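So that you can see what the record holds, here are the features copied from Swiss-Prot:
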- Asn9, Trp10, Lys11, Gly173, Ser212, Gly233, Gly234: substrate binding site (BINDING)
- His95: active site, electrophile (ACT_SITE)
- Glu167: active site, proton acceptor (ACT_SITE)
Amino acid sequence: MRHPLVMGNWKLNGSTNLVNELIAGLRKELSTVDGCGVAIAPPAIYLDQANHQLAGSRIALGAQNVDVNLSGAFTGETSAEMLKDIGAKYIIIGHSERRTYHKESDEFIAKKFGVLKDAGLIPVLCIGETEAENEAGQTEAVCARQLDAVLNTLGAKAFENTVVAYEPVWAIGTGKSATPAQAQAVHKFIRDHIAKQDAAVAEQVIIQYGGSVNAANAAELFTQPDIDGALVGGASLKADAFAVIVKAAADAKRG
């Protein structure tokens, strides 16, 4: 049985004070919550501090990016082994903001996926379509192409112990969200697409929804059979709002 995972992507937000206060708030809010995995991905500069603040809790540490290179003359980059060394477990790759602003290709993201698997880390592979692609009816084709970059190079087995986050780009930070039925349809397509190569692996892949999840829509989203939690942006910067989403996932999947 799949256990849901709710992960907070802090993006380019934070300070030493915020790290301390937000994690203290999360530990308090989530102390009695069971049945849902929880992770946070602060900016890289705060990973060590966050790891210390998370000690003894059930909240896992994540990161927002990784480089394809293992070491060497690559100024400004962070390697998979460095992330592992500092205590990170879940690593976000393929986020639409990196695909857009840093021109990261499907093939480049697949390389990151492989580097993370080799290091024993868990990729959180973000896929999803833009508003124009959505309106053109290309949602499934775009998601398939982004998945195939990994499937065709690393095989379906690479998706063992992996997270996929479906993030309709048109719903990120816009306040828009896919309806639960719309999101479920895409999540089922993603699972079925992986299942074409390996049904057993597809069944255990955690597929998160990542399009403006908030306290108001979380419960209804999580009742869908193929939505296994969420990758949360803005709401992850407030302990109470994030906790509501985690609790909704735990409650929805408990049955």
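Placement of Cβ uses the backbone N, Cα and C atoms for every residue, glycine included.
In terms of Cα distance, the recorded positions that sit within 10 Å of the residue listed as 'active site, proton acceptor' are His95, Ser212, chosen from Asn9, Lys11, His95, Ser212. In this structure, Gly234 (substrate binding site) is part of a helix by DSSP. Once Cβ contacts within 10 Å are tallied over all protein chains shown, the binding-site residues Gly233, Gly234 are led by Gly233. The highest number of surrounding Cβ atoms within 10 Å, among the binding-site residues Asn9, Ser212, is found at Asn9.
In this structure, Lys11 is the one among the recorded positions Lys11, His95 with the smallest number of other Cβ atoms inside 10 Å of its Cβ.
Contacts of Trp10 (substrate binding site) defined by a Cβ separation under 8 A and a same-chain sequence distance of 6+ are given as Ile40, Ala41, Pro42, Pro43, Gln64, Ser236, Leu237, in order along the sequence. Mapped onto three states, the DSSP output places Asn9 (substrate binding site) in strand.
The Cβ neighbour count for Glu167 (active site, proton acceptor), using a 10 Å radius over every protein chain in view, is 26.
If you measure from the Cα atom of Lys11 (substrate binding site) to that of His95 (active site, electrophile), you get 10 Å.
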